[in-house]
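Student: According to TrEMBL, the feature compositional bias 'Pro residues' maps to 1-15. Sequence annotations record features per position, and here TrEMBL assigns region 'Disordered' to 1-24, 36-61. Residues or ranges marked as domain 'CSD' in TrEMBL: 68-134.
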Amino acid sequence: MTSEPTSPPVVPPLHSPKSPVWPTFPFHREGSRVWERGSVSSRDLPSPLPTKRTRTYSATARASAGPVFKGVCKQFSRSQGHGFITPENGSEDIFVHVSDIEGEYVPVEGDEVTYKMCPIPPKNQKFQAVEVVLTQLAPHTPHETWSGQVVGS
């Protein structure tokens, strides 16, 4: 018997792809409605701040049962949807979200307000103002309604 030497099978050399392969972000998470829509933008991602719509019932009930505080609007940005209130007692400024403002006027610097406080998750160490009501509009300052009409001057 003649034994013929067997040559190893020919394997084509490996080539790297012409463009780098990077995982795309955000990764698809099964069961997430945000990812099912197809294109995802940063405005579709949920906000970490609790708004009137996303606050739990228990947090809303605790805030509603709490005391009413007084303060002055330090700053509010309608385009960003949030601002800060300086409490009457001089403590640290309180965050306020646009969804928690009651009434028809957009707050401006110097407006007197009343509010209740609700803790901000996840650690509940900071607070935000809820049920904010403008009690005294800042004098000699134009105010805008939520519909865009300018009132006063």
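The backbone N, Cα and C atoms fix where each Cβ goes, glycine too.
No curator has checked TrEMBL annotations; they are predicted automatically.
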Student: Can you check how the pLDDT averages out over the domain 'CSD' (68-134)?
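Tutor: Across the domain 'CSD' (68-134), the average pLDDT comes out at 91.
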Student: Going by DSSP assignments with H, G and I as helix and E and B as strand, what are the residue counts for the domain 'CSD' (68-134)?
Tutor: 3 helix, 40 strand, 24 coil
